[in-house]
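Read the structure below first, then the notes.
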Amino acid sequence: MKQIIRRNMLFVPGNTPSLFKDIIFYKPDTVMFDLEDSISFEQKDAARQLTCRMINYFGYEKFDIETAVRINHWNTSFYSQDLEAVVNSKAQMIRLPKIETKEEIWKVVQDIEKIEKSIQRKDKIVLFCAIESAKGVLNAIEIAQASNRVVGIALGGVDYLFDLQATRTEQRHELLFARQMLVHAARAAKIDVFDCIYGKVRDLVGLEKETKFAKELGFSGKSAIHPSQLDIIKKVFAPTTEEIENALKIINAYQIHLQKGQGVFTIDGQMIDLPFVEHARKLLIESKIPISLSLNDEIRK
């Protein structure tokens, strides 16, 4: 199965056909068509039909773009039709909104399995869960580990702050606890974790600052609400030339010292052991730089 590297996810309202073709040129890692908050009740049915038809028509996977759909919450009247249509389409992922417990995921997974079985779908659709409440944040660990279909969790900052009754600040201190909770939960479960959107579309300086902070905290990516935000998010989360060169140096030194029976060594005065090597290996894989099989096998022993 092809490994998917997710560092950005572009939100696209499901009722805007003018944007569907342009996605190919923007090249997000994942495009997420929205059937939830951005769509009025009156347009839900039309947006669902249009989105699934266009996903099948364009076949974004041919352009190395992962296709996701944010459906309406399981306790709404739109859920069943959303789920049926999306699982029947070429969408690879479903983004679940406002998840608070593992039981919600179990219910959705059960529903998905029934549809997949009935249509004999060959590939298994995966889930990306948005956590948007205090309860969801406190249950982040169980949500992240609820199913092997869950490949990522994301913070829904706006709804979370409303639920928390917190005050929004320029520094975004009020989001720190939630961000750290989600990062810990995702890393423990070995899945992706995405930071919340940056709502000031024209403030690219502010976007870059916040994206760098998210990366420093341990996030693997960030959601975007406008194509103009993609380049900055891509740049921040992509390994730098310096990081790639350092990783190559570590891998090469490791292979040399391994032949001497040495698992610990130093580079430029820094002690290097297996965790450093594993981190370097992952970075190079994400950068699509080939690594010898002997190294992979040795690390996994």
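Backbone N, Cα and C define each Cβ position, glycine as well.
Since we're looking at a predicted model, the values are computed, not measured.
In TrEMBL this protein carries:
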DOMAIN    7-227  domain 'HpcH/HpaI aldolase/citrate lyase'
BINDING   Arg70, Glu132  substrate binding site
BINDING   Glu132, Asp159  Mg(2+) binding site
Residue pair Asp159 (Mg(2+) binding site), Arg70 (substrate binding site) - Cα distance, angstrom, rounded: 16
DSSP three-state assignment for Glu132 (substrate binding site): coil
Arg70 (substrate binding site), number of other Cβ atoms within 10 Å: 26
CB contacts for Glu132 (substrate binding site) [other CB atoms within 10 A, all chains]: 24
Asp159 (Mg(2+) binding site), number of other Cβ atoms within 10 Å: 18
